[in-house]
Amino acid sequence: MELSGQTVKVNKPRPVNLDLQTIRFPLTAIASILHRVSGVITFVSVAILLWLLGLSLSSPEGFASAANIVDSFFVKFVLWGVLTALFYHIVLGVRHLLMDMGYFEEMDTGIASTKVSFAIVAVLAIFAGGLVW
Ligand code: HEM
């Protein structure tokens, strides 16, 4: 095998698949990655939401400023995303804790519990939309 000018000896030629279009993550892996992403989103947003709460409780003017900030479509959309990420983190977190107790460890039950969790999060995302708008 030629590697930047050097010849490297390999015992067996190994199969190489670097065609990313043919590599598919299992549903459970996607759920796990999204759980980490939703945890980071929740972590960052807690600081912003606490600042907003502090502002709204500071004075009547502060409350008016906070209400004014939240009054735009963009901020409402971000708030909806944050709430959905939090719901995702909680629902998939509970699934994770159940797996720690020995449930849904097989591939078929793991995929089934992921699908059920996604469905619950979808319902909660609609609920979050109702809360925000
Ligand atoms: C302010 C609230 C929360 C924040 C900021 C937060 C953030 C995080 C972060 C950053 C991780 C690490 C993810 C990783 O490295 O893969 C994590 C893991 C985890 N969180 Fe949360 N979390 C919160 C609330 C919750 C709640 C309410 C639950 C309830 C079920 C939960 C369940 C879990 C579990 C089970 C893990 C471990 C996942 C693993 O081992 O892969 N979290 N959380």
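Along the chain as shown, the residues are counted starting at 1.
Cβ coordinates come from backbone N, Cα and C, glycine included.
Pulled from TrEMBL:
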type     : residues : note
TRANSMEM : 33-57    : transmembrane segment
TRANSMEM : 77-98    : transmembrane segment
BINDING  : H89      : heme binding site
TRANSMEM : 110-132  : transmembrane segment
Within the same chain, the residues at least 6 apart in sequence whose Cβ is under 8 angstroms from that of the residue listed as 'heme binding site' are H35, S38, G39, T42
For the transmembrane segment (33-57), could you work out the same-chain residues 6 or more beyond its ends whose Cβ comes under 8 Å from its Cβ atoms?
25, 63, 65-67, 69-70, 81-82, 85-86, 88-89, 92-93, 96
